[in-house]
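These notes are about the structure you will find just below.
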Amino acid sequence: MARTAPAASFESLESDLDQKFAYPASSKTYITGSRPDIRVPLRTILQTATRTEKGEMANPPIPVYDTSGPYSDPDVHIDLKAGLPPVRAKWIEERNDTEVLTGLSSEYGLARANDPATAHLRFAQLTNPRRAKAGANVSQMHYARKGIITPEMEYVALRESLNLQALYDKPEYKALLRQHPGNALGAALPLRPEDMTPEFVRREVAAGRAIIPANINHTELEPMAIGRNFRVKINGNLGNSAVTSSLAEEVEKMVWSIRWGADTIMDLSTGKHIHETREWILRNSPVPIGTVPIYQALDKTGGIAEDLTWEMFRDTLIEQAEQGVDYFTIHAGVLLRYVPMTADRVTGIVSRGGSIMAKWCLAHHKENFLYTHFDEICEIMKAYDVSFSLGDGLRPGCIADSNDDAQFGELRTLGELTAKAWEHDVQVMIEGPGHVPLQRIQANMDEELKHCYEAPFYTLGPLVTDIAPGYDHITSGIGAANIGWMGTAMLCYVTPKEHLGLPDKEDVREGIITYKIAAHAADLAKGWPGAQLRDNALSKARFEFRWEDQFNLGLDPERARSFHDATLPAEGAKIAHFCSMCGPKFCSMKITQEVRDYAASLPEAERGMQEKSIEFVKTGSKIYS
């Protein structure tokens, strides 16, 4: 899937997916749960054999977490106009606490459905939405607190563990599964893969330390968890604007993002046909989709924040919930009394949602209607199992503004709202900054854990310096790795175009890979069981000059291969025992292998003297220390 030009149509995108999506040297495999319809996907990276003087030694396949859905399964034909298979439909029906509505409940949704001008844009295979039966609560938190382990929870447990426990008794994995002890900084990670059980997942969701964003109307979803005691996740953003783009382009952006490893997607569309764009994305997305409903509500007013009303916003929530949106960013913590605190900031209020609500509060001199109507919002959320992503509308937009009274005042209000949402058994995560220098990051994590009761933290970076426009995927990736280690559950990616323009596909790829690195570095630091397996496999391949395995085990095989081939394009270079950096005579790994081979050929006594000789040279060739 190397094409960078946007798809002109769904037909051309489907053709591209069928031909180019497959990962190199990989197979799509599934773990089956307690019932045959719990089929958890993972990717298995196949390795070549190690060549020795005694012959070839096989290297085992490496299982990795996979977010690509059916798009990477060669046995599945992708039909974007039909959408993905409804893998959760039966689970939801069996619970018998929802009902299929006779039609849409949202006034705006009905208007769009009945507008002849939008007929050519609509997803054709729509079914009527579901909603909780009267008096029912259908959230994963509600089930967890009742002691019920849902298929979604079992799915998550299998997905997080990758069934790695089955590898520990296999001799070919013994060296590869070695791992440095981590420092979880207070998190209660599973100690071994087998400790990641459905019951573990249930307890974490019941306590509010994790969420499973899974709207009952997003049946195509492959369930995943966001929580401090799970793998660190990343989010990718997409969305049209007033100047871009087609429906096919937006679906392509979603598929492109999950191909590189996005665990969730936020649709931040602000242009034309927001409703129809979101429908196409949801019906074809295997990962949770989040939105910022205030953006669409503002669009309905013609962009005039003062004209927003609770009734209009409520209708937007229902419209999006009935489409299947899994989590909403709600800026309910932007209170009237906090707005003046931003007056002396260098960059003021940088959140779009935060600035919209601040303007509304000042124009009406009233409290934020998202705050005053919060209980009513909770009633909507639990009827569809939409999770809260409580927005940080007052996040700092530069490091000079970090950790100020406005930011932390809002955070404490988000903690108050978290407790209120939990009274309704509604799932919650907390959004965080932003721009924070390294030495001030820990305070953000500490404040969130204390005041938001360990609800999952979801941060945008943070960027640790403001001097690098064009490289803010790096400035933020540094902060993301640190705050991920400290306990942040999900990292929102930043692309090289941050603060400069709308990212294209290559910018999205760059941002996602940067954040996959940050998330993985955090998992290693925390000591996630089995996290070092892929590192060890790649290191072994590097030492043995198995170039193809090095490429394929990496996060971006295409880039690794292209960099290597830029200077050594011949096929023979793929088995050469050197690269273009050192050349054949100065490769440290080749020299080390020669030393090992030489030492192995010596008699034992002589070998010992040879080892001492090498040790003497390595320590500086000094007789006296």
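Using the three backbone atoms N, Cα and C, a Cβ is placed for every residue, glycine included.
Features as listed in Swiss-Prot:
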- Asn237, Met266, Tyr295, His331, Ser351, Arg352, Gly353, Asp392, Gly393, Leu394, Arg395, Glu431, Tyr458: substrate binding site (BINDING)
- His435, His499: Zn(2+) binding site (BINDING)
- Cys579, Cys582, Cys587: [4Fe-4S] cluster binding site (BINDING)
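Annotated features, which come from Swiss-Prot, shown on the structure.
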residue	record	DSSP class
Asn237	substrate binding site	strand
Tyr295	substrate binding site	helix
Ser351	substrate binding site	coil
Gly393	substrate binding site	coil
His435	Zn(2+) binding site	strand
Tyr458	substrate binding site	strand
His499	Zn(2+) binding site	coil
Going by C-beta under 8 A and a gap of 6 or more residues, the same-chain neighbours of Ser351 (substrate binding site) are His331, Gly391, Asp392, Gly393, Leu394, Arg395
Report the member of Gly353, Gly393 (the binding-site residues) whose C-beta atom has the most other C-beta atoms within 10 angstroms. Gly393
Would you pick out, from the binding-site residues Tyr295, Tyr458, the residue whose Cβ has the largest number of other Cβ atoms within 10 Å? Tyr458
Candidate binding-site residues Asn237, Tyr295, Tyr458, pick with smallest Cα gap to His435 (Zn(2+) binding site): Tyr458
State which of the following binding-site residues has the fewest other Cβ atoms within 10 Å around its Cβ: Arg395, His435, His499. His499
With Cβ-Cβ distance below 8 Å and at least 6 positions apart along the chain, what are the contacts of Asn237 (substrate binding site)? List them in sequence order. Ile265, Met266, Leu268, Cys492, Tyr493
When the Cα of His499 (Zn(2+) binding site) is compared with the Cα of each of the binding-site residues Tyr295, Gly353, Tyr458, which one is closest? Gly353
Using the residues the record lists for substrate (Asn237, Met266, Tyr295, His331, Ser351, Arg352, Gly353, Asp392, Gly393, Leu394, Arg395, Glu431, Tyr458), what whole-number Å value is the largest Cα to Cα distance? 20
